[in-house]
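I have placed the structure first, in the form of structure tokens, so that the comments after it can refer back to it.
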Amino acid sequence: MAEGSAVLRGSSNHKVTLVTGNDGKRREVQACLEGHVLVENVKLDLPEIQSDSVFEISRNKALTAYDIIKSPVLVEDTALCFDALGGLPGPYVKWFFERIGPTGLIKLLEGFDTRRAYATCVFTYCASPDVVLQFEGRCDGRIVEVPRGEGGFGWDSVFEPDEGCGQTYAEMQDEEKNRISPRAKALVALKAHFCL
């Protein structure tokens, strides 16, 4: 989904401000864009609208961040959607995770026949209020029976992507996760759009 047009060419002369307070996200984004664009990081306490759409949430945060910073920003929102729960917790997964942790997320599926789920990530690049571009990455997989792995962050220990050779994101090396995660896929789409 794109509005307007934007120019972002790969070189250290071009920069974008990643708006996140999550060090794990920051590391993943910098690893994926390294050598293409200078990524600066700033933590802003942005209001997050309540919506079932990660596109809408990410867009709103990007426009708000741009209004504060007044230079190109990159903002991200993610969702973890359980088939058995009609897509919940979806974009609310951060708050679910903070309240009930990984074991609580797993328990949400007790009594259901399916553990299928998908993770999605939407990056919004905003160069002005008229230039807003969005890039999505998605991974299908399943919610495991017990948390597995020590790496990653957030819900990485409960989601086993179909592409993950039987491992959760928390069990993978960073290089592997950065190749198949929804965040990585969204960044690949961003790089392709800008010919990076």
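Please read every residue number as a count from 1 along the shown chain.
Using the three backbone atoms N, Cα and C, a Cβ is placed for every residue, glycine included.
Under the heading ITP binding site, Swiss-Prot lists 20-25, Lys61, 77-78, Lys94, 153-156, Lys177, 182-183, citing sequence analysis as support. The Mg(2+) binding site annotation in Swiss-Prot covers Glu48.
Structural mapping of features recorded in Swiss-Prot.
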{"residue": "Thr20", "record": "ITP binding site", "DSSP (3 states)": "coil"}
{"residue": "Glu48", "record": "Mg(2+) binding site", "DSSP (3 states)": "coil"}
{"residue": "Lys61", "record": "ITP binding site", "DSSP (3 states)": "helix"}
{"residue": "Lys94", "record": "ITP binding site", "DSSP (3 states)": "helix"}
{"residue": "Trp155", "record": "ITP binding site", "DSSP (3 states)": "helix"}
{"residue": "Pro182", "record": "ITP binding site", "DSSP (3 states)": "helix"}
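Taking the C-alpha positions, the distance from Glu48 (Mg(2+) binding site) to Trp155 (ITP binding site) comes to 20 Å.
Looking at Asp23, Glu48, the binding-site residues in this record, the fewest other C-beta atoms within 10 angstroms of the C-beta turn up around Asp23.
Long-range Cβ neighbours of Thr20 (ITP binding site) (same chain, at least 6 residues apart, Cβ-Cβ under 8 Å): Arg26, Val29, Asn41, Lys43, Val75, Glu76.
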